[in-house]
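Student: Found this in Swiss-Prot, in case it helps:
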- 1-22: signal peptide (SIGNAL)
- N39: N-linked glycosylation site (CARBOHYD)
- 56-101: region 'Disordered' (REGION)
- C96-C111: disulfide bond (DISULFID)
- 96-135: domain 'Agouti' (DOMAIN)
- C103-C117: disulfide bond (DISULFID)
- C110-C128: disulfide bond (DISULFID)
- C114-C135: disulfide bond (DISULFID)
- C119-C126: disulfide bond (DISULFID)
Amino acid sequence: MNILRLLLATLLVCLCLLTAYSHLAPEEKPRDDRNLRSNSSMNMLDLSSVSIVALNKKSKKISRKEAEKKRSSKKKASMKNVAQPRRPRPPPPAPCVATRDSCKPPAPACCDPCASCQCRFFRSSCSCRVLNPTC
């Protein structure tokens, strides 16, 4: 019986050490000069070549004009968005549930058009909540 306990204790210690060892970060091996040279040459070959092209004056002027056109079109689009009036909210349905009140599924819809019935805890507690305040 005493030998069995000693064997089980040894097995338990070995399992603990094995588990701890498996969770350790692997150590990096020191690299010598040959490994560094071969890795750097491989990395240089893997990169795609990049060609640098100088722009002439005409292409610079065209790109500036295009940029100005884009800026003016963005300004016009933003002015149109500001000028448009917001659409009116639809009137609430006659029998409705106020915001933050209980709205279990047989209950009518929420009064606020931006609110929705949100249920929690397996639909045991439901309430009307506004999810998007900028509706």
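Cβ atoms are placed via backbone N, Cα and C, with glycine included.
It should be emphasised that the depicted structure is a prediction, and the values quoted were computed from it without experimental measurement.
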Student: I'd like the Cβ neighbour count for C96 (disulfide bond), meaning other Cβ atoms within 10 Å of its Cβ, all protein chains included.
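Tutor: The answer is 16 other Cβ atoms.
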Student: Find, for the listed disulfide-bonded residues C110, C111, the residue with the lowest Cβ contact count at a 10 Å cut-off, counting only other Cβ atoms.
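Tutor: Each of the disulfide-bonded residues C110, C111 was scored; lowest Cβ tally within 10 Å is C111.
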Student: If you measure C-alpha to C-alpha, which of C103, C110, C111 (disulfide-bonded residues) come within 10 angstroms of C126 (disulfide bond)?
Tutor: C103
Student: Long-range same-chain neighbours of C114 (disulfide bond), Cβ under 8 Å, sequence gap at least 6?
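Tutor: Listed in sequence order, they are V130, L131, N132, P133, C135.
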Student: Per residue, counting other C-beta atoms within 10 angstroms of the C-beta, which of the disulfide-bonded residues C103, C117, C119, C135 reaches the highest number?
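Tutor: When each Cβ's neighbours within 10 Å are tallied, C103 leads.
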Student: How far is it from C119 (disulfide bond) to C103 (disulfide bond), counting Cα to Cα, in Å?
Tutor: 9
Student: Compute the C-alpha separation of C110 (disulfide bond) from C117 (disulfide bond), stating it in Å without decimals.
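Tutor: Distance between the two Cα atoms comes out at 7 Å.
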